[in-house]
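Working notes for the structure below.
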Amino acid sequence: MRIVLITGISGSGKSVALNALEDAGYYCVDNLPPHVLPELARYLAGEGQHRLAVAIDARSSASLDEMPGLIRDLSREHDVRVLFLNASTQALIQRFSETRRRHPLSGSLSHDADVGLLSSLEEAIERERHLVAPLAEFGHQIDTSTLRANALRTWVKRFIEQKNNDLMVMFESFGFKRGVPLDADLMFDVRALPNPYYDHELRPLTGLDQPVIAFLDALPIVHQMIDDIHAFLMKWLPHFRDDNRSYLTVAIGCTGGQHRSVFIAETLAARLAHEANVIVRHRDAPVDVDASSRLVSEVDRP
């Protein structure tokens, strides 16, 4: 059975992800107590169900300590994938404010004044981060701070399309001026490279457009940067595998996340597609949803 566990911070998009999996044919359960999961998996398998998605959050805090062992045990019999959704505190506060929902851990905190509400919400978010932090190492982390709901649904679809039993590498381009990704395992700064932004004809384009590709591809220093990052990854990917890592997020950052980081993330993703399951995501580039997050397929490989 394929089991997808969705966990992370409240307000980061777990309901959106669960709905996307339901649309993909998964049997979905929200806020299932972790200790019930093995029994549910056995029951559904006996009923002929082959796909299960479960959302688990801090409302199950009394059982969260059991999760690492449960994940290991379930992985012996099932294809288990863990998706850990995260977002910045600022983004989470804005979402709770817009939806007027109360954080699930804020019930015992003061809500008497506006300042008290903000303080209580921040405290609840930080408390939840501490509670669910041990689960992050088992899952692929995705920072949804700047991700729209339709983009997250598309990303979840890409996530479940990956092949099993191998390391999944996500190359994520971003702009430093919008903050660093919360989900990065490795981060490379490519701001030292020539910037197409200063060419007025290239400024409105992205690293996916042919004129920008031609500009960067003609520069030896760009290829040196790509070769160095590629060599580092080729050397250390086996060690990540040996450490039983299932997921690795490699963040590539330039100033705005539109030109250089996009081109380099795409190039590295194509190169590494021979070595691992690869997803590429462009966090800040003004591209459509399908281009901003996709699984690198055979046709992308050089």
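Glycine residues also receive a Cβ, built from the backbone N, Cα and C atoms like all the rest.
Annotated in Swiss-Prot:
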type	residues	note
BINDING	Gly8, Ile9, Ser10, Gly11, Ser12, Gly13, Lys14, Ser15	ATP binding site
BINDING	Asp57, Ala58, Arg59, Ser60	GTP binding site
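Swiss-Prot feature annotations superimposed on the structure.
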residue : record           : Cβ within 10 Å
Ile9    : ATP binding site : 26
Ser10   : ATP binding site : 25
Gly11   : ATP binding site : 24
Ser12   : ATP binding site : 28
Gly13   : ATP binding site : 28
Lys14   : ATP binding site : 23
Ser15   : ATP binding site : 14
Asp57   : GTP binding site : 23
Ala58   : GTP binding site : 21
Arg59   : GTP binding site : 16
Report task. Within 10 Å of Lys14 (ATP binding site) by C-alpha distance: pick out those among the binding-site residues Asp57, Ala58, Arg59, and say none if nothing qualifies. Result -> Asp57
Query raised in the report: Within 8 Å of the Cβ centre of Gly8, Ile9, Ser10, Gly11, Ser12, Gly13, Lys14, Ser15, which other residues of the chain have their Cβ, at the recorded ATP site?
Result: Asp57, Leu85, Ala87, Thr144
Query raised in the report: Are there any residues in the same chain, six or more apart in sequence, whose C-beta is under 8 angstroms from the C-beta of Gly8 (ATP binding site), and if so which?
Result: Lys14, Asp57, Leu83, Phe84, Leu85, Asn86, Val132, Leu135, Ala136, Gln141
Requested in this report: Could you state the whole-number distance in Å separating the C-alpha atoms of Gly13 (ATP binding site) and Arg59 (GTP binding site)?
Outcome: 15
**Report entry** Within 10 angstroms of Ala58 (GTP binding site), Cα basis - binding-site residues out of Ile9, Ser10, Gly11, Ser12, Ser15
**Finding:** Ile9, Ser10
Query raised in the report: How far is it from Ser10 (ATP binding site) to Arg59 (GTP binding site), counting Cα to Cα, in Å?
Result: 10
Query raised in the report: Taking the Cα atoms as reference points, how far is Ser12 (ATP binding site) from Arg59 (GTP binding site) in Å?
Result: 15
Query raised in the report: What does DSSP assign Ser15 (ATP binding site), in three states?
Result: helix
Query raised in the report: For Ile9 (ATP binding site) and Arg59 (GTP binding site), what Cα-Cα distance in Å is obtained after rounding to a whole number?
Result: 11
